């Protein structure tokens, strides 16, 4: 199994390491590569869009053709995961900040997102969440977005303060938090198996 981590910004190396550990725990022989170029995602079995700044990441993936490769992978039923800014990019609708910056979204998750949903005063925090299919998970939030609305085909996996912070639509997984910043690989393991269950 080959997993691509789109290495434009964010916790790229942490995602690479967490995914390698998850593959090992699942007993799957695999390779995890960080990429900033077209051609790698299209030859992969799964892809991760890490956090960072959503406007910058959007410009780069759409101008370099990586966005088309992510869309194709999702269409093929392969696992796609976005964390923090990656969640924003996976979503169909953004808030006024997303619209004001003309950030192009992939539209793979029928959801509306709000940037910096928990306010600037809570830029970084960690809370235990009850994540469906995973169980209790210590989630790290950093200037996190949240999902405010979902379509009928989206399954809510976790909420915090009445906002959705994890959701799934078939093989696409969106998280407001950073699972790669913990030693717990269960969310990466769940992600890697999404192609089997979608």
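Numbers here mean position along the shown chain, with the first residue as 1.
Just so it is clear, glycine is given a Cβ too, placed from its N, Cα and C backbone atoms.
Under the heading L-glutamine binding site, Swiss-Prot lists 52, 53, 54, 115, 142, 143. The feature active site, nucleophile is assigned by Swiss-Prot to 84. As annotated by Swiss-Prot, active site, charge relay system applies to 178, 180.
Shown here: features listed in Swiss-Prot, placed on the structure.
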residue: 54; record: L-glutamine binding site; Cβ contacts under 8 Å, 6 or more apart: 85, 88, 89, 98, 103, 115
residue: 142; record: L-glutamine binding site; Cβ contacts under 8 Å, 6 or more apart: 51, 84, 123, 124, 178
residue: 180; record: active site, charge relay system; Cβ contacts under 8 Å, 6 or more apart: 11, 14, 15, 17, 18, 50, 83, 188
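In this structure the residues listed as binding L-glutamine are 52, 53, 54, 115, 142, 143; their two most distant Cα atoms lie 13 Å apart.
Other than the site residues 52, 53, 54, 115, 142, 143, same-chain residues with C-beta atoms no more than 8 angstroms from the centre of those residues' C-beta atoms, the L-glutamine site, are 51, 84, 85, 88, 116, 145.
The Cβ neighbour count for residue 52 (L-glutamine binding site), using a 10 Å radius over every protein chain in view, is 21.
Reduced to three states, the DSSP call for residue 142 (L-glutamine binding site) is strand. Ranking the recorded positions 115, 178 by other CB atoms within 10 A of the CB puts 115 at the bottom. Look at residue 54 (L-glutamine binding site): DSSP puts it in a helix.
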